[in-house]
Each structure stands twice: as structure tokens, then as C-alpha cells.
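A.B. asks: This structure is in C-alpha cells; I'll ask about it shortly.
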């Protein structure tokens with residue numbers, strides 16, 4: 001009756017709660033065969049609890065209090081024994097040194113002891129209790145598992161004669177999903193002085209059980225017979241996880257705490273966060289973690305107990321309004337603070353905290369089967385150590401004897417002067433060594449810096465720094481693009497392609513659209529120089545370029561756009577010279593049929609844009625192309641693709657676009673050209689024919705007959721000229737003075753042209769020339785002299801020679817026709833040859 005009294009049961013419950021952790025287990029899949037290496041590999045933070053992590057507890061030790069001889073020897077299948085247990089922990093009570101045990105994890109199918117005869121079995125256990133407790137984790141270790149489920153399993157064995165046969169207990173824990181974990185308890189070392197008292201056995205774990213699941217605990221008394229296994233079972237539902245409660249509950253904390261209490265509040269235990277000891281001011285500062293809001297606790301009582309844990313020395317009440325809140329790892333944590341003052345030194349004290357079980361309206365917050373009671377959390381004993389006082393020092397003055405001091409100085413050869421000199425010398429030596437080391441390091445660093453500064457810079461980022469690329473890069477490659485102006489969409493694609501070569505691959509690209517200033521200044525010079533200065537020539541094949549080349553080769557009427565552009569004629573002039581370039585690259589856009597390739601370059605490798613763009617770039621730069629230049633989104637390359645897409649859409653919408661936008665143009669004859677486009681010849685070079693019809697019907701004579709005919713005609717003209725000169729002198733009457741010759745019309749000067757021809761024939765006879773000097777030879781001589789007259793002429797530049805031989809000479813001819821030919825001091829023969837003399841006077845030849 002005494003054992004079953006309510007007071008004793010409450011005291012026993014609190015006693016069991018205050019006890020330490022009995023065992024720490026592995027997860028459900030732990031077996032006897034794998035428990036030993038698993039326990040050795042687990043870190044101490046997983047197996048052992050820190051001093052500030054659990055309240056109340058003390059860290060388990062890896063050996064029993066009795067030593068190895070008390071370890072249970074587990075037998076497996078009768079094959080032998082295992083000397084070393086898989087896991088042995090000290091589960092003794094901190095307040096009761098007489099309680100001891102030894103625990104092993106085994107396989108559920110293992111036989112610990114051999115079977116005994118029937119009737120030799122120990123009695124089965126009774127009064128099995130499963131007490132789950134929700135404990136908050138301390139030491140600021142707030143993570144996903146803010147709370148820990150601590151479960152205590154306790155039972156008793158009846159005091160019978162058969163109890164002497166008891167050697168061990170086998171504890172089987174059946175968890176969810178059919179997972180089982182088994183333990184064996186050695187009770188052979190248990191000594192009970194009073195045979196009338198039945199001992200109570202206790203098993204606790206912090207990791208074996210989970211929140212919100214049903215567990216069945218079966219206790220088997222060992223050894224057992226083949227016919228009977230004395231065992232007892234108990235089932236318990238674990239409380240819900242406080243961290244997951246706010247997700248499940250829709251009501252607020254105030255609504256949950258109105259008029260009722262949480263049934264799981266009696267299973268919650270607090271924990272200490274920090275405990276500070278200040279011996280100088282005799283103060284102990286504690287911080288404890290409060291319960292979640294769903295438990296509805298309104299006040300907490302902090303206590304300071306003596307070393308026995310029974311006498312309360314100090315206490316205080318902390319309300320929920322006085323709690324502080326911190327955010328740790330994204331989770332709100334509430335804790336309370338209190339300072340215990342006037343603490344006695346060198347005395348063991350136990351801090352404790354317990355929630356107040358009643359609310360302000362008097363209802364019970366910790367409802368239990370036997371009444372209203374909350375769990376108290378006790379910490380391990382702490383002590384304020386007394387601080388020892390330093391030894392006292394005397395401030396009294398003493399008389400000194402000069403002789404004694406002198407004797408002391410003589411005994412000690414080292415004086416403060418010696419120390420000062422020695423210290424100065426050492427400092428000087430160290431300074432000199434540091435300076436020398438610094439200078440040496442500086443020289444070494446400077447030499448390395450000079451060596452590192454000698455390197456070759458890659459000014460063209462289009463090339464990668466690979467071994468196949470020369471260290472000394474060439475100058476930027478000049479590229480000329482020759483294309484036909486077929487349509488606005490084709491021109492846009494060519495322009496985007498040129499921008500891609502210029503901006504992405506860093507090439508010096510020349511295009512007629514970009515060189516319009518040079519074209520307007522001198523088209524012929526641009527066409528010639530653009531071919532000469534280009535390292536590479538890119539010919540873009542298209543349908544318009546193909547037909548223009550074919551018709552020009554077959555000498556058929558040309559083809560051009562109905563609405564011509566200012567640069568449409570550039571292709572016809574530039575293509576002939578471009579085909580003579582040593583480095584010609586042929587390409588076409590993807591919308592152009594490969595059959596429209598020029599017949600002169602169809603033997604070359606054809607590049608399709610943009611499909612063969614990287615291969616074409618390698619041919620242009622003569623270096624390996626880098627694909628990363630077009631990796632990702634490139635705005636210039638996207639513009640090229642968009643232009644090609646627009647051209648494709650244009651072709652699909654109008655398949656007959658080329659026939660609709662182009663037409664054939666017949667070649668115009670010279671007579672059809674406008675008058676202002678023809679440069680007139682000087683009068684002396686014009687052929688004068690009196691009867692054009694007769695001139696056209698003239699017969700061809702042999703060269704001998706032609707010479708005789710010209711000789712007879714020359715004699716006749718000389719006679720006529722002499723008679724006219726005499727008549728002219730008679731009319732003038734030989735009056736003295738200068739003779740002024742007025743400019744006459746071309747008809748008056750016609751007779752004067754014959755002496756010029758006669759003089760030329762005389763010169764031809766003297767030089768033994770087979771044919772008469774033509775007009776073309778005279779113009780070429782004039783052009784040669786004009787070239788030497790040009791101050792800006794560069795004899796080594798083909799462009800300047802071309803310009804001086806064509807356009808500049810035409811300007812000189814215009815000046816000759818427009819300028820009056822007057823010279824009063826010239827005689828009649830020079831007047832007949834005024835054009836030639838005028839040229840000589842302009843050039844400066846006398």
C-alpha cells in the first residue's frame with residue numbers, strides 16, 4: 001500500500017524525470033551486426049549531449065561504472081559469445097550512486113541466453129510506463145528540430161522466488177512501418193539490500209522515438225524456455241511536434257488558450273540557454289527557453305536549489321510579457337532571464353525552472369491523470385569559486401646603507417648601462433639586417449618585375465592565344481566586298497555582313513556604301529585603288545551579279561534595275577579587276593541558289609553565309625576561328641540573320657521579284673551620247689573632208705602609188721603657196737613695222753594646214769618612218785608631258801598615273817578649246833601650227 005500511494009508515485013515520477021539519459025540508440029535499421037562500427041563512426045556531437053544542450057543530464061561515458069567484467073556477454077545462435085558489447089553507456093543516476101546498469105543493442109532474432117527448462121523462467125515485468133516528454137534544445141542550437149522527444153520507459157519485477165532466476169531484460173520497440181529495435185539489459189550486478197523492495201528499471205532515449213507516431217514496447221524476461229517466454233507489452237502515442245503545430249492549427253494563440261488548455265502541456269520540459277557565474281559579485285545569471293505559444297503558459301518560476309535538490313534557496317516569477325524574443329536561423333525563440341544575487345561561495349547550487357501550472361483564471365494548464373502538475377527542469381550543480389586575495393605589499397620606507405648597495409653593485413657586473421648598450425647594439429644589428437634583407441628582396445622583386453613586363457600584347461582580340469598563332473601579329477587585314485545591287489534587302493544583308501566582319505572579327509572592310517566620298521571624288525581612282533590595297537577580295541554571288549557577268553561576257557545588252565541606284569555601275573567596273581586579284585574568296589547568302597556562281601570562280605571553294613561563316617573567317621584571317629566570338633547573343637550576328645530572314649520572306653512572297661525589278665538595256669552608240677559628254681579634239685587634229693560622199697567612195701591604192709600621188713600633190717601646193725605669198729606682200733606695200741596676224745575662222749586657215757602636213761611628212765622622211773604619225777601618238781606624248789608637269793604625281797603609284805593619263809588630260813583639252821589663240825609675234829608658219837605651239841607654251845617648252 002505504501003508503494004501505491006499518490007505522493008510516492010509523484011515523487012517517483014519526478015525522480016525518473018530528473019534522472020539522466022539511459023541510452024542513445026541508432027535509427028530503426030540498426031542491428032547487432034552493424035551496431036558496433038556504426039557507434040564508432042558516429043561523432044561525439046551525435047552520441048553525446050553537451051552540458052548546455054539538455055536539461056537535466058550529464059554526458060554519457062563510453063564505459064560502465066563497474067568495468068568490463070560487468071558487460072553482458074551476448075550469445076548469437078549458440079555459436080559462441082561476444083566479449084565486447086556493441087554499445088555500453090553509463091546510465092547511473094547522478095543523485096543516487098547505487099543505481100547502475102549495462103545496456104547493449106542486439107538483433108531482435110539473436111538468442112542472448114540459452115533456453116532453460118520449463119519452470120525455471122523468471123516472472124514477467126509489470127507496471128510498464130511510457131512517459132514521453134517534449135524538451136526544447138538549448139545552447140542556441142535552433143534548427144529544424146527545435147524540440148526533442150525524450151521518452152522514458154520504466155517497469156518493475158515482482159518480488160517472487162522465481163525473480164532470482166532473472167539475468168536480463170530484452171526490450172523490443174515496435175515503431176511505425178513495422179520497424180523494430182531491440183536492446184538487452186544486464187541486471188546481474190543489481191544489489192538490493194532490502195529484499196522487500198522491488199527495484200524499478202528505466203529506459204530513456206532522445207532519438208529512438210518520433211513525434212506523432214504509435215509505439216509498442218515489449219519487455220521479455222530472460223532467460224526463457226522453449227515453451228514459455230515471460231513478456232509484457234504497452235502501447236503509447238507520442239505527442240505532436242510543437243514546431244509543426246502552428247501549421248496544423250488554424251486558430252491564433254489567443255483563441256487556443258481561451259477556456260481550455262493543451263493536453264500535451266504537461267509533457268513539455270524547459271531548458272537552460274545560458275548560465276553565467278560571476279564570483280566577484282556573487283551573482284548567477286540564467287537564461288531559459290520558454291514553451292511554444294500553443295501550450296498557453298503564462299508564468300515561469302525559476303528556482304535555486306541546494307546540492308540535494310530539495311531545499312529551495314531563492315525563487316522568482318517570470319511572466320510571459322517579460323520574455324524576450326530573438327530570431328535564430330529564421331525562427332523566433334522566446335527566452336527569459338533572471339539574476340540570483342548574494343550567492344554563497346564554494347557551495348553547490350542547482351538552477352531549476354518550471355512553468356506555473358495554473359492560469360490567471362484558475363484553470364489547470366498541465367493536466368495529468370493524477371491532477372495538475374508541470375515538469376521541472378533541473379540543471380547540474382554549479383559553484384561560485386572564491387577568489388583568493390593577492391598577498392599584501394608593504395609601503396614602509398626602509399633606510400639603506402650605502403656600503404651595502406655598493407657591495408651589491410660590485411657583486412653584479414651587469415649594470416643598467418651595460419644593458420642599455422647591449423640592447424642598442426642588438427637593435428642596431430637587427431635594423432641593419434632588416435635593411436639588407438629589404439634591399440635584397442627589392443632587387444629580386446625589381447628583376448622579376450622587369451622580366452614580367454617584357455611580353456607581347458595581342459592587340460587583336462579576335463585571335464585566341466593558342467600555340468598555332470604567331471606571337472607577332474600582322475596588321476589588320478583589309479577586305480574588299482564586291483557585290484551587285486540587286487535589291488534593298490540584298491544590300492541590307494551585305495551591309496550587316498560587312499559590319500559583322502568589322503565589329504566582331506576586327507577586319508578592315510571596304511564597301512562602296514562606306515566609300516561614297518572617295519567614289520564621288522574620283523570613281524576610276526577608287527575602283528583601281530580599292531583592288532590594289534585589299535588583302536582579300538570577297539565576291540558575293542547573287543542572281544543579279546550572275547546575269548550581269550554573263551551578258552557582259554557574251555556582249556549582249558546589259559541588265560540593270562528599273563530604279564537604279566547611285567552605286568549600281570560600280571560592280572561592272574570593279575568585277576573585272578577583282579577577278580584578277582590573287583586572293584579571291586567566293587561566297588553567297590543562304591537565300592541564293594548555288595547555281596548562280598560566276599563561271600570564272602566556280603572552281604573555288606564556295607562559302608554559304610551564315611552556315612560557313614566560321615570557316616570563311618578562318619580563310620580570311622588565316623588563323624583558327626574562335627567559336628566563342630559568336631557564342632551567346634551577339635547583336636551584330638543577330639542583325640545579319642534578321643536581314644537574311646527578311647530577304648527569304650521577300651523571295652517567298654514574290655518569286656518573280658527579279659523579273660519585276662530588272663530590265664534589259666541596249667548599249668548606246670557614240671552618236672547617241674549627249675554632246676557635253678564628248679571631249680572635242682583640237683582643230684589641228686580634225687579631218688577636213690570637202691566631199692564626204694566622195695571620201696567614203698575613195699578606193700584603196702598600193703603604198704607606192706600612194707607615195708607618188710602625195711608627192712605630186714605636195715609640189716602643186718608649194719607652187720600655189722608661193723604665188724599667194726607674193727600677192728600678199730604686194731598688198732601690204734612692204735610697209736615697215738610688226739606684222740599683226742588676226743585670228744581667223746577655221747575656213748581661212750585651211751590652206752595653212754597643208755604646209756604643216758608637208759613639214760610632218762618631211763620629218764617622217766628624215767626619220768625613215770614607214771607610216772604617217774597618227775593623232776593618237778601626239779595625244780599620248782601630250783599626256784606624258786602633262787604627267788611630268790603634275791606636282792602631286794607619284795611615279796610609283798598606279799592610281800596617280802591612271803588619273804593623270806585620263807581625266808586630267810581631258811581638262812587640259814577643254815582649256816585649249818576655250819582659251820583664245822592669239823600671239824602677235826608669231827609668223828605665218830607658227831600661226832598655222834597654233835595648237836602645237838600653244839601646248840608647248842603652256843607646258844613651258846620653248
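Cβ coordinates come from backbone N, Cα and C, glycine included.
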A.B. asks: Among 186, 528, which is the one flagged in Swiss-Prot as N-linked glycosylation site?
C.D. replies: 186
A.B. asks: Which residue range, 356-376, 377-397, 398-418, 419-439, is the one Swiss-Prot calls transmembrane segment?
C.D. replies: 419-439
A.B. asks: State the residue range annotated as region 'Disordered' by Swiss-Prot; the candidates are 667-701, 702-736, 737-771.
C.D. replies: 737-771
A.B. asks: Pick from 186, 214, 339: which of these glycosylation sites has the biggest number of other Cβ atoms within 10 Å of its Cβ?
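C.D. replies: The most densely surrounded of these glycosylation sites is 186.
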A.B. asks: Need one number: mean pLDDT over the topological domain 'Extracellular' (26-418).
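C.D. replies: For the topological domain 'Extracellular' (26-418), the model's average pLDDT rounds to 72.
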A.B. asks: For the C-alpha pair, I'd like the distance in angstrom between residue 186 (N-linked glycosylation site) and residue 339 (N-linked glycosylation site), rounded off.
C.D. replies: 44
A.B. asks: Which whole-number value in Å describes the distance between the Cα atoms of residue 214 (N-linked glycosylation site) and residue 339 (N-linked glycosylation site)?
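C.D. replies: Residue 214 (N-linked glycosylation site) to residue 339 (N-linked glycosylation site), Cα-Cα distance: 42 Å.
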A.B. asks: Through the lens of DSSP with three states only, how would you label residue 214 (N-linked glycosylation site)?
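C.D. replies: Where residue 214 (N-linked glycosylation site) sits, the three-state DSSP reduction gives strand.
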